[in-house]
């Protein structure tokens, strides 16, 4: 490459053969440099995610306790999955996960309500943003411990307040099988509202003001505007929050691990907790991998639904 | 004029209502803080004493920080892991983001799809093989292993790539004509332009790593290596019903994050709003 081009114009005007040669050299260089830039990421992803997930799918068909050597590994086909179908705790986990999804719409409704007020009609906007967002950035372990004491059956502040309002036998919350899951859901909602709120506020700001002004001229009331302008135009944000919320709800682990360990009486066991127990307390690699495959398939299906649904249900 | 005033009254009203809502979000924190300053006997006093009548703050915090399981060790561990993870993750993600947006190479497009596809994998689904692999590689029960787990973020790559795409190609081409290679363009031109985005991502990554409980729980065994979240859990188990101590520990676990958050408040909130990102 003897000839140097100083501008793109000159480069374009150069004879075709030189250009071609030069182009292929550049392409080759770009290819190499491109790989160089992305290779740390690719390498990391391969070791941390790709290889393990493939291994999960393979190990799901094996019977292997981790403490025994690799030579003890037996291939058992679909037996793990058949056992899953008869595993009461697993079924309970799936049901609990399904119930836990209810926190997503509840969080979204609260967050949208708050966001609409904060966006338009309020002083101290940034105070509110920070206040509602605090639970989200705080450590789940610390928060869980605080709520554990707040929910204390006989002496906790929550029940003491309930008792002064005349409720004789308030629920014992986390230690009551009928209330433990609800308690976790309350805490989870409390944690996630801040995130949805921030995303909703951003979404609201992208709705053109003219629409509201036009509705004002037509004499529309606030509810009408909310119902017919805000809701449809915020739907892409809602859809995003719904999907990410559901995926996050499948990953719920910290609260369970700190507060209930799946109990009492399996009332708060969920997929990831069950997986953790089987993998790291029972060291049952094969069975835990089968649970992991089911978890993967759930999340995968939701992600696909997202791709398909985005075009269908969202009003732009 | 009248309309203006009416509007303001409405605004004051909704501010008051919202303020009461926000109390529900702050009260647990206030209760935590106030309990950490009390003596044990006053914890469950009713009506709640928001400002302690009998103070025991010094002794409580001293026990947490320099007692039987001293928090300063775990603090150091957490700072080390969070800072290094953030650093490595920012470097890896911004390199990859630049490669996927500003270097035109044919393999780039489908490599990017592979990277994005791994985002669909819930982290827990690959946990068991990760655990086995890490034991095999000898990085199990080390901070190195923990840092490794948090350093390759698809989210960070995706987020920064969006910003690199926003840089006009004329900048890049002009620099190329001046003889700059991609490395120099990345370092001297592209990275400075997207610095706000890098800051946002770095703060978020720091918060997520600091708060991570699951990975340390599974990948650490040695007490001396525990991060603050594990220490918090252990402290709760040991001190069962000493709620003042537990609350002092909780305050200590949350405080640095609060500082990072308040310092980078705009970055964090803008970042969340922008990409609607989630850890």
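Any Cβ shown, glycine's included, is placed from N, Cα and C.
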Which range is it, out of B:142-164, B:211-233, that shows up in TrEMBL as transmembrane segment?
B:142-164
With the transmembrane segment (B:142-164) as the reference, which stretch in B:12-33, B:73-98, B:105-122, B:185-208, B:242-262 has the largest tally of C-beta pairs below 8 Å?
B:73-98
To the transmembrane segment (B:185-208), which of B:12-33, B:73-98, B:105-122 is linked by the most Cβ pairs under 8 Å?
B:73-98
Surrounding residues of the transmembrane segment (B:12-33) on its own chain - C-beta under 8 Å, 6+ positions past either end:
48, 50, 247, 250-251, 254
